[in-house]
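Below is one structure, written out as structure tokens; comments come after it.
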Amino acid sequence: MVNAGDMNGSGNLMDFLDEPFPDVGTYEDFHTIDWLREKSRDTDRHRKITSKSKESIWEFIKSLLDAWSGWVVMLLIGLLAGTLSGVIDLAVDWMTDLKEGVCLSAFWYSHEQCCWTSNETTFDDRDKCPQWQKWSELLVSQSEGASAYILNYFLYIMWALCFAFLAVSLVRVFAPYACGSGIPEIKTILSGFIIRGYLGKWTLLIKTVTLVLVVSSGLSLGKEGPLVHVACCCGNFFSSLFSKYSKNEGKRREVLSAAAAAGVSVAFGAPIGGVLFSLEEVSYYFPLKTLWRSFFAALVAAFTLRSINPFGNSRLVLFYVEYHTPWYMAELFPFILLGVFGGLWGTLFIRCNIAWCRRRKTTRLGKYPVLEVIVITAITAIIAYPNPYTRRSTSELISELFNDCGALESSQLCDYINDPNMTRPVDDIPDRPAGPGVYSAMWQLALALVFKIVITIFTFGMKIPSGLFIPSMAVGAMAGRMVGIGVEQLAYHHHDWIIFRNWCRPGADCVTPGLYAMVGAAACLGGVTRMTVSLVVIMFELTGGLEYIVPLMAAAVTSKWVADAFGKEGIYEAHIHLNGYPFLDVKDEFTHRTLATDVMRPRRGEAPLSVLTQDSMTVEDVETLIKETDYNGFPVVVSKDSERLIGFAQRRELILAIKNARQRQDGVVSNSIVYFTEDPPELPPNSPHPLKLRRILNLSPFTVTDHTPMETVVDIFRKLGLRQCLVTRSGRLLGIITKKDVLRHMAQMANQDPESIMFN
């Protein structure tokens with residue numbers, strides 16, 4: 001809805017003021033912005049700057065600075081997001097190892113860094129060095145035996161509880177919005193919703209600190225989702241420094257879209273995947289200009305992270321891998337099976353997690369967030385420690401599962417029997433039967449898989465920062481690695497089967513189990529989030545191998561098809577609906593044959609619509625109407641008899657206009673007539689001074705007729721980002737449809753509870 005004052009080419013919003021009064025054009029908390037008005041205001045601002053730039057050199061320089069401010073903001077976002085990500089990675093690495101021991105030469109070194117500097121480390125025992133001591137060695141001078149194991153076990157649990165308690169306490173006291181993944185709220189904010197404080201400085205600080213604590217505690221969560229929230233907080237902070245963005249909510253959301261891309265860029269070391277993630281998953285309005293700026297922000301963020309080099313391997317992520325074995329057509333069948341598993345896991349997770357979160361919101365459980373975090377952390381630590389695959393950090397686990405077994409690998413998963421004296425039944429299949437280490441690793445992985453599936457359901461959604469990318473990838477990687485080893489052993493023991501003939505080059509592995517782990521990770525992440533294009537690009541950027549795109553695409557598409565068969569919502573959309581946010585998803589289809597008259601208010605039997613008349617209400621009448629109702633705005637009609645529509649006035653601007661008029665304009669009292677026409681009405685001689693409010697009147701509110709199909713109305717709300725739409729017949733006002741009305745009607749048509757939509 002285009003602001004009338006803007007249309008008239010005037011910056012003044014009231015006749016008696018030289019400048020617009022404070023807070024006009026801003027929005028209240030938990031309300032939706034008016035995209036059309038924001039677009040109109042930015043167009044007017046740009047036109048004004050362009051015309052002024054011809055007046056003097058200084059104005060021309062100012063216009064250049066204004067044009068470049070967008071790129072400066074992107075540069076700053078990329079630098080800060082990359083730096084914070086690097087610091088988080090380094091801190092997590094150190095604090096995760098702190099649960100098991102400490103470096104005597106420098107306590108701030110992680111286990112790996114400690115042994116890098118040691119001259120006494122052998123290649124076979126590269127994880128052991130005298131400078132690194134487990135807690136049992138330090139406290140009771142024992143590294144083996146039952147007492148040492150129990151002491152290490154106890155201290156592992158204590159450290160985990162300490163980290164988790166500190167994290168949940170910081171969130172609860174200083175920044176309640178720092179909890180969760182943040183992506184559902186980011187999606188809602190980018191669609192035009194206002195949540196004040198969600199992207200604030202305190203939220204940025206506390207989320208960064210607590211993210212380190214919760215990931216280090218060993219809980220089944222990741223840092224990738226919250227890093228998107230952290231990057232958007234950076235974007236919000238820098239956009240507040242430039243009036244071009246701070247005074248226009250629509251422009252601010254363009255910056256936040258680019259910031260989300262930078263967040264994924266540093267989370268996965270995937271700049272292009274980050275841009276596509278922002279486009280496919282979180283953004284609501286994504287013009288071409290935002291695409292370029294997102295690309296630049298993601299590039300700067302990735303470059304900054306690469307400069308910090310947090311993992312010491314010159315890579316942007318811990319689990320970067322390169323495979324040298326090609327895949328074969330027959331392997332598409334297990335890849336598609338992994339896609340089916342990913343879709344089923346995604347459906348199971350979403351349903352169970354939403355049921356648990358709903359229970360948390362509606363029962364006494366939600367009143368004890370600290371206790372819940374402590375209990376889940378204790379259960380996680382107690383069960384995780386005995387199994388080496390759940391004890392280590394999830395990123396390290398994924399890294400090991402993705403790895404190809406080379407000659408230098410010491411992992412149990414690479415414990416194959418290599419006897420050069422054994423004869424090879426087929427020259428081009430290497431003799432690699434699984435050793436005892438592989439079989440024991442398979443059992444441990446199976447137990448770890450069941451544990452991860454169950455514990456992640458209860459962990460995601462607690463009052464701490466919690467990402468879902470890494471746990472989902474871990475579930476898929478474990479399942480994929482087991483399938484990969486199974487296919488590998490099948491190929492070895494049954495090499496004469498027709499599907500295994502002529503597979504391999506001499507001396508090469510037929511099957512790469514690590515590739516199956518990667519495909520499984522993509523399938524499970526796709527099943528939970530319903531990402532497709534951005535997911536495949538992120539996984540491709542992780543591996544650096546173009547030839548594995550087809551397996552990844554097959555698994556991602558299969559997982560989406562299977563998951564969509566049980567429900568169209570991904571985990572983020574499900575949490576948006578659970579919280580009752582007014583999010584109108586562009587992916588939702590509306591096919592019901594209802595009309596605008598079926599949805600508009602007032603409905604039959606309800607009180608008539610609250611309206612303002614153009615020149616017959618007093619200031620007191622308007623104030624009474626505002627006080628007695630909670631509507632966001634009021635239609636303005638010629639008179640209550642004719643009900644011919646003139647325009648629409650926002651509630652907030654009415655309040656501000658009357659307040660400022662009382663303070664600054666003499667003669668405005670309670671019985672002053674308020675008029676929205678160009679000329680004042682004829683008044684008796686002794687009447688108080690009238691108040692003209694035409695400048696805050698939107699003279700072109702969006703209207704539809706009462707017989708407009710709701711399918712068209714929903715499309716209009718989606719594509720234009722409307723807050724409300726007026727329903728008329730032959731110019732006569734009949735009712736109003738708000739965004740909340742549209743969402744409630746859609747919920748009702750889908751047999752859901754319409755009262756779950758709580759906000760405007």
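Count begins at 1; order follows the chain as displayed.
Here the Cβ of each residue, glycine as well, is placed from N, Cα and C on the backbone.
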Range annotated as transmembrane segment - as stated in TrEMBL, picked from 468-487, 548-567: 468-487
Proximity of the transmembrane segment (441-461) to the transmembrane segment (332-356), 3+ C-beta pairs under 8 angstroms: yes
Segment proximity, the transmembrane segment (515-540) to the transmembrane segment (153-175), 3 or more C-beta pairs under 8 Å: no
Intrachain neighbours beyond the transmembrane segment (468-487), with Cβ under 8 angstroms and 6 or more residues off its ends: 181, 220-225, 267-268, 331, 334, 337-338, 341-342, 345-346, 349, 389, 394-395, 397-398, 401-402, 413, 434, 438, 442, 445-446, 448-449, 452-453, 456, 459-460, 511-525, 527-529, 571
